[in-house]
Amino acid sequence: MGVEGGMKCVKYLLFFFNFIFWLCGLALIVLGVLVQVALHNTVVINNISASSAPIVLIVVGVVVFFIAFFGCCGAWKESYCMVTMFSILLGLIIITEIGAAIAGYVFRGNLTVIVHESLNDMVTKYSNSTDKFQKALDNLQIDLKCCGVFNATDWRGNFGSGTNSVPDSCCVNVTTGCGQGAMEDLSKVHQMGCQTVVEELLKMNIMWVIVAALVIAFLQIMGIIFACMLMRGIRSGYEVM
C-alpha cells in the first residue's frame, strides 16, 4: 500500500527538493572549481588550507549530485530503505559542508599572513626564477593593476641592476623597458601593492563558498525533515498491509 493524502504531498515535495539538491550539487561543483582556479591563478599560495574548502565543496557537490538522484528514486518508488539511506547520507553531507564552511572562515581569518608570505616569496625569487614563474607574477600585477607586496618599493633590491627599477608589468601602460628607473614615478608605475587587492578578491570568493555551503546545508535539512515524514508515512502504509 502506497502513501496517501498528505503523505503524497510530502512525497512530491521531497522529489522536488531532490531536484533542487541535484542543481545544488552541480552548483557546488562549479563554485568549487571557480574558487580553486581563482586561488591558484591569482597568487601562488603554498598553504594547504587555501585549497581545502573548495576541494571539499567539489567532492561534496559530486556526492550530492548522485545522492539527489538516489533520493528521487526512493521518493518516487516510496522505498523506505532508499529514503532512509538518503536521509543518513544527506546528514553526513551536511556535517561535511558545515566543516567546509568553518575551514573557509578560518582560512579567511589567516588570509593576510598567507597572502603576504606568498607574495613576498614571489617578489624575492622573481629575478632568479623560471619564465613561467615570472609570467605568473607579471600577469597578476597587470590584471590587478598593482605592484609589489605593499607598494612598488618592494622591488628595490629584488629586480634589475638599478635600485629604482620594477618589472614592466608594474607599468600603467605596459611596454618593454617601461619599468627601468620608474619605481617612484606615479604617472608610469602603479604604486598600490598587490596584497590588499588579492586579499579582497580571495575574501570575496571564500565568502561565496561559506554562504553557498550554509544555504545548501539549510535546504538539505529541510529535505531530511521531508524524508523522515515520508519514511513515517511509508512505514504506516506497510503496517496497514
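Note that Cβ sites are derived from N, Cα and C of the backbone, with glycine treated the same way.
The transmembrane segment annotation in TrEMBL covers 12-35 (among others).
Residues or ranges marked as transmembrane segment by TrEMBL: 55-76 (among others).
Counting only same-chain residues 6+ beyond the ends of the transmembrane segment (88-107), those with a CB under 8 A from a CB of the stretch are 21, 49-50, 52-53, 56-57, 60, 63-64, 67, 70-71, 114, 206, 209-210, 213-214, 216-217, 220-221, 223-224, 227. The annotation transmembrane segment is assigned in TrEMBL to 88-107 (among others).
For CYS146-CYS178, the entry in TrEMBL reads disulfide bond. Within 10 Å of the C-beta of CYS178 (disulfide bond) there are 18 other C-beta atoms, taking all protein chains into account.
Residues of the same chain lying 6 or more positions beyond the ends of the transmembrane segment (206-231) and with a Cβ under 8 Å from any Cβ of it are 3, 7, 10-11, 13-14, 17-18, 20-21, 24, 27-28, 31-32, 35, 53-54, 57, 64, 71, 75, 78, 80, 83-84, 86-87, 90-91, 93-94, 97-98, 100-101, 104-105, 107-108, 111. What TrEMBL records for 206-231 (among others) is transmembrane segment.
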CB contacts for CYS146 (disulfide bond) [other CB atoms within 10 A, all chains]: 24
